[in-house]
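*Asks:* Got a structure here, written out as structure tokens. Questions coming.
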């Protein structure tokens, strides 16, 4: 059996989860990574996508996040999410509207820096949408 560690998921509204888990896969800004017990300390940004929480006993929970920060330290993992909800509760129409809005932002962006930033946000939203479909 895999060792467990403390995982906390916090949104601006409240503490959403605080429990011992065996692994958490996170959509980091540099790509997905998995945290397990005794992981090296790291702090990174989190992009929109699916967080997969593996719990003691073998069950898993999929959580949709809209970005944030992950802090891995000797006490465990704290994920500070801009927004988080169970993946099966996500309003897909609202997410699709966010994608359409982001597409408009790309089209309306003035200058290469603004266009690149808008395109990056659009790419992240599309990737998150694909993650919810799978």
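Every residue gets a Cβ built from N, Cα and C, even glycine.
Per TrEMBL, the feature domain 'ATP synthase F1 complex delta/epsilon subunit N-terminal' maps to 5-84. Summarising the annotation, TrEMBL assigns region 'Disordered' to 100-134. Residues or ranges marked as compositional bias 'Acidic residues' by TrEMBL: 102-111. Summarising the annotation, TrEMBL assigns compositional bias 'Basic and acidic residues' to 123-134.
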*Asks:* Going along the chain, which residues at least six beyond the ends of the compositional bias 'Acidic residues' (102-111) come within the CB cut-off of under 8 Å?
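*Replies:* Apart from its flanks, the compositional bias 'Acidic residues' (102-111) reaches 117-119, 121-122, 125.
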*Asks:* Going along the chain, which residues at least six beyond the ends of the region 'Disordered' (100-134) come within the CB cut-off of under 8 Å?
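*Replies:* Answer is 27, 47-50, 64, 66-67, 87, 90, 92.
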*Asks:* If you average pLDDT over the domain 'ATP synthase F1 complex delta/epsilon subunit N-terminal' (5-84), what do you get?
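*Replies:* When the pLDDT values over the domain 'ATP synthase F1 complex delta/epsilon subunit N-terminal' (5-84) are averaged, the result is 93.
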